[in-house]
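Peer 1: Quick paste of what TrEMBL says about this protein:
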TRANSMEM  9-29  transmembrane segment
TRANSMEM  41-64  transmembrane segment
TRANSMEM  76-95  transmembrane segment
TRANSMEM  165-186  transmembrane segment
TRANSMEM  207-225  transmembrane segment
TRANSMEM  231-250  transmembrane segment
TRANSMEM  262-280  transmembrane segment
TRANSMEM  286-309  transmembrane segment
TRANSMEM  321-341  transmembrane segment
Amino acid sequence: MMKFTKKNFFFLVGGIIVYVVDIGVDFWVASKYFCQGQYSWSILILFFRGLSSLVTQIFSYEWFKNDWEGTDTGKLKWIFLVHLFHCGIFIRYWFALKYGCQAAFKLKRHEDASETDPSNLIRKQAIDAVTDINMLRVFKAFLETTPQLFVQIYILLQHGKTNCYQYAAIFMSFCGISFSMVDYEISLRKSLPDKGELRVPSKFMYLFYKLFTITSWVLSISLITLQSVRISVILLIFLWICGFTWTLKQCTIFCKSKKMEYLYRTVVGIILIFTFFNIKEKRTKVFISIYYATHTVVSLSILFVHMFWKHSIIKEIHFKIVSILTVLLLVLGIIFLVVYYRHFHPTTYYRPQACLDEVDGVAGQKDRVKTGRFQNFLMP
C-alpha cells in the first residue's frame, strides 16, 4: 500500500522553502556580479535560471494538460496563465500540500484497504504530485544548478578570490543537486508499486555515489575550461550528442506528443553529460560501466594534459588541490556506486509478489502509462 507520512509532508514544506531561497540566492549572486562590472557572469547565472524555468514550465503545463484532458478548459487557461508567468511550480506545490495534508493528517491507515479505496486514492494523488515536483527538480538540477556550480568553481579557480555570496551559491548548488537526486528516487519508487522503496542506508549510499561522481566531473570540466573554453564547449557538445543519440536508440515513450518527446530527449542528453541514469526498464550494468569508465578516462586525460600545458593560468597549489579532489571524489563515487548496487539497491532486498508479476505484464504496462508517466523514466 502506498504511504504518505507526516515526515513526507514536512519534507515537502522544506522543499518549498529551499526552492524560494534558491531563487533569492540566484538573483543575489547575479546582482553582486553585475555591481562589480562582471556582466558576463551575471548574464550566465540568469540565463541558466531562465532556461531551467522555461523548460520546467513547459513540462509542468504539458502534464497538467494530459492529466486534465477532457475536463473544464477554463481551468487549463488559468493554469496556462500561471505557467506563462513562470509560477507553475507553486501551483504544483499547492496541490501536493493539499493532498499531502489529507493523506498525512486526516486519513487513517488501513492495511487491508483496496487500491480503489478513497484513502488510497488520496495517498496516490499526494505521491504523484510530489513525484511530479521532484521530476521537475531533476530537470532544474541539471539545467540550472549544475551549470551554475560549474561557473562558480571556474570563477574561483580563475581569479582565486572568494566572497561569501560565491560560497553561498556553491553550497546551494550542492544541496540542490544532492537532494533533488535522492528525493526523486524515493518518490519515484513510492509511485511505482512494483518497485522496492529505498531504506535509510540506501539513501545515503545513493546520495554519496551521485554527489561524488558529479562533483569530480564538474571539477574536471572546470580545469579544461581554464585552458580552453573552445575545447570545453566542443567536449560538452560531443557528450550531449552521445547522450541524445543514446536516448533515440532507447525509443523512449515518456511524452504523448512527438515534440515533447524530443524536448524530453534533449533534456535527458544534457543530464547524461553530468550523470548516468536509466530511462528504460532494463539492466544497466553494461551501460553504467561504459559510462563511468569513459568519465574516468576523460578526467584522467584532462589532469594529464593540464600538468604539461605550459600556459596554465591556474596556480600550482590550486591545481594540486583540484587534482587530488577530482581523483579522490571519483574513486569514492565509484566505490559508493559499486557498494550501492551490490548491497543496498532495492533489488537486493525487495522481491515483488507473484501476483504483482501477473498483473504487471504487457497489459499492465499499458495501464500504468495512463496512470503514471514515470513508469518510463527509471533512475537506477
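Every residue gets a Cβ built from N, Cα and C, even glycine.
Bear in mind that the values here come from a model prediction, so they are computed numbers and not experimental data.
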Peer 1: Might you confirm whether the transmembrane segment (9-29) is in contact with the transmembrane segment (262-280), defined here as three or more C-beta pairs under 8 A between residues 6 or more apart in sequence?
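Peer 2: Judged by the Cβ rule, the two regions do not touch, with the required three close pairs absent.
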Peer 1: What stretch of 9-29, 76-95, 231-250, 286-309 shows the most Cβ pairs under 8 Å to the transmembrane segment (207-225)?
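Peer 2: Looking at each of 9-29, 76-95, 231-250, 286-309 in turn, the most contacts to the transmembrane segment (207-225) are made by 286-309.
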Peer 1: For the transmembrane segment (231-250), what are the same-chain contacts with Cβ under 8 Å, counting residues 6+ beyond its ends?
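Peer 2: Here the qualifying positions are 221, 224-225, 265-266, 268-273, 279-280, 298.
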Peer 1: Within the same chain, where does the transmembrane segment (286-309) have neighbours whose Cβ lies under 8 angstroms from its own Cβ atoms, ignoring anything closer than 6 residues to its ends? I mean 6 or more beyond.
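Peer 2: Distal contacts: 213, 216-217, 220-221, 223-224, 227, 235, 272, 276, 278, 319, 323, 326-327, 330, 334, 337, 380.
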Peer 1: Please indicate, using numbers and ranges, the residues of the same chain that are 6 or more beyond the transmembrane segment (76-95) and have a C-beta under 8 Å from a C-beta there.
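Peer 2: Residues packing against the transmembrane segment (76-95) from afar: 12, 15-16, 19, 53-54, 56-57, 60-61, 64-65, 68, 129, 132-133, 136.
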